[in-house]
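Novice: Take a look at this one; I'll ask things after.
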Amino acid sequence: MAEGSRLYFAVTVLMCAFVSINGVGLNDLLERASQLSDKLHSLSTSLTNDLDSHFPPVGRVMMPRPSMCHTSSLQIPNDKDQALKVPEDELLSLARSLLLAWSDPLALLSSEASSLAHPERNTINSKTKELQDNINSLGAGLERVVHKMGSSSDNLSSLPFYSNSLGQDKTSRLVNFHFLLSCFRRDSHKIDSFLKVLRCRAAKKRPEMC
């Protein structure tokens with residue numbers, strides 16, 4: 001089975017398990033959430049590698065700085081030690097805020113992927129749609145975590161995304177696609193880290209074991 005097929009199968013199984021949850025305990029919910037967020041980050045990394053396989057050298061020069069990511073204004077822990085000091089409900093809100101912030105950008109990437117000037121565009125298109133499905137499933141799962149924890153479902157940071165185009169020429173579109181994906185990959189790692197800290201706390205492990 002090819003890498004993409006294996007990853008798709010694993011993500012699909014996790015998604016089906018997540019959306020069918022009823023009466024599952026908090027520990028199990030967070031375990032499944034952290035598994036799904038890990039797949040999310042793995043998929044974004046795989047997509048980045050696909051893009052890098054045929055990326056023009058000029059694209060590296062044109063690439064915006066990470067500080068230009070639309071989620072860069074969100075104040076978040078920089079590492080695990082800082083995350084361990086953040087209250088559970090706040091950490092969950094940060095993960096959900098980041099996840100919600102990628103709804104529109106991923107819709108844009110999904111709509112543009114099939115027409116990218118890239119030899120792997122079919123694979124990129126397929127994986128981008130998987131990302132959308134993955135995010136929707138994780139978002140639904142985190143709503144269940146909110147309910148279990150008794151946290152506020154409205155305590156989310158607004159991180160609007162205003163662009164509705166990746167550019168007019170093929171190079172700009174490819175560069176901006178890569179840039180958005182790199183921003184998402186960074187944020188997916190943060191989401192994964194936050195959920196793993198929450199899972200660790202729910203299991204009442206010592207901080208040094210997290």
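Quick reminder: no glycine exception, Cβ is built from N, Cα and C everywhere.
From Swiss-Prot, here are the annotated features:
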DISULFID  C69-C183  disulfide bond
DISULFID  C200-C210  disulfide bond
SIGNAL    1-23  signal peptide
Novice: By the count of other Cβ atoms within 10 Å, pick out the sparsest of the disulfide-bonded residues C69, C183, C200, C210.
Specialist: C210
Novice: Expressed to the nearest Å, what is the distance separating C210 (disulfide bond) and C183 (disulfide bond) at their Cα atoms?
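Specialist: One finds 25 Å between the Cα atoms of these residues.
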Novice: Compute the C-alpha separation of C69 (disulfide bond) from C200 (disulfide bond), stating it in Å without decimals.
Specialist: 29
